[in-house]
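Visitor: I have a structure here, written as structure tokens, and I will follow up with some questions on it.
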Amino acid sequence: MQARFHTSWAELPASLQFALEPILSAENFPAMLTAEQVKTVKNISGLDDDALAFALLPLATACALTPISHFNVGAIARGKSGNFYFGANMEFRGVPLQQTIHAEQCAVTHAWLRGETNLVAITVNYTPCGHCRQFMNELNSGSELHIHLPGRPPSTLGQYLPDSFGPTDLAITTLLMDPVNHGYTLAETDPLTQAALNAANHSHAPYSQSHSGVALETTNGKIYAGRYAENAAFNPSLPPLQAALILANITGENCASIRRAVLVEGHNAVTSQWDTTLATLNALGCSAVKRVTF
């Protein structure tokens, strides 16, 4: 079991520990539970979906990376597939606070990167800020996404964000988590570049059409790819680097262990991820950063 879970693990009920131990002790635990694992854990622990999501929050919170605020937030995104996905907030020294990732953004993006195509609920240990409410408003779940908070009855996103502005106001019909493939190609055969290209092809950028993807290679040779997630309100858009860092951190990778990185984007796109990607990666200690355009 990863060391970051030890403190939270000790506080779990014995029945839940018994149910989760084989899952969390796996060498490459991906910070998610499959639908089958969720079913098994519920049968052993006696918890239902809502109670299990709340019980998992301390483990998700243990994934937080907060060198600035030291305020850890965890989230569990529940997919229509039945899978549960961990999320936690992430902060980075030496770059603007705008590069911060909120726990809800992390859980949603984690689910998206794992292939989830629709969310039914998100459970979080603190009320979602306005930024996160707007970010989630881009989802194909729409205002019916259920939000669960400790000590409160479940509410919908529509109740947390009344009279919202979203994709439909801009006549956008392809929503975040809808399956897409933009069909871009590159001649380069480098696996890291191809991973970034694949991410760009599945990115969500209906407002600028500036599709982009980032792939990170760590010192142990693992590759983590992230896609751009654009938002109708523009500012809550999540850059592809942040998506890649989400996948790396949530699975237990050290974000300071990135050996090289590739950004793939359009050569004449109206917005570019290059400057912020380079600056953030440099702050994390990675200088081998490459930009490839289609």
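For all residues, glycine too, the Cβ spot is worked out from N, Cα and C.
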Visitor: Figure out which of H102, H110, H148 sits with C129, C132 in the Zn(2+) site per Swiss-Prot.
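Guide: Same Zn(2+) site in Swiss-Prot: H102.
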Visitor: Between the Cα atoms of H102 (Zn(2+) binding site) and N89 (substrate binding site), what distance do you get, rounded to the nearest Å?
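Guide: Cα-Cα, rounded: 4 Å.
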Visitor: Which of these binding-site residues has the least crowded Cβ, counting other Cβ atoms within 10 Å: M90, C129, C132?
Guide: C129
Visitor: Give me the DSSP three-state residue breakdown of the domain 'CMP/dCMP-type deaminase 2' (187-294), ordered helix, strand, coil.
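Guide: Going through the domain 'CMP/dCMP-type deaminase 2' (187-294) residue by residue, I get 35 helix, 28 strand, 45 coil.
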Visitor: Over the span of the domain 'CMP/dCMP-type deaminase 1' (48-168), how high is the average pLDDT in this prediction?
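Guide: Across the residues of the domain 'CMP/dCMP-type deaminase 1' (48-168) the model's pLDDT averages 98 on the 0 to 100 scale.
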Visitor: Near C132 (Zn(2+) binding site), which of the recorded positions N89, M90, E91, E104 can be found within 10 Å, Cα to Cα?
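Guide: Taking N89, M90, E91, E104 one by one, the ones whose Cα falls within 10 Å of C132 (Zn(2+) binding site) are E104.
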Visitor: How do the residues of the domain 'CMP/dCMP-type deaminase 1' (48-168) split into helix, strand and coil according to DSSP?
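Guide: Taking the domain 'CMP/dCMP-type deaminase 1' (48-168) as a whole: 43 helix, 26 strand, 52 coil.
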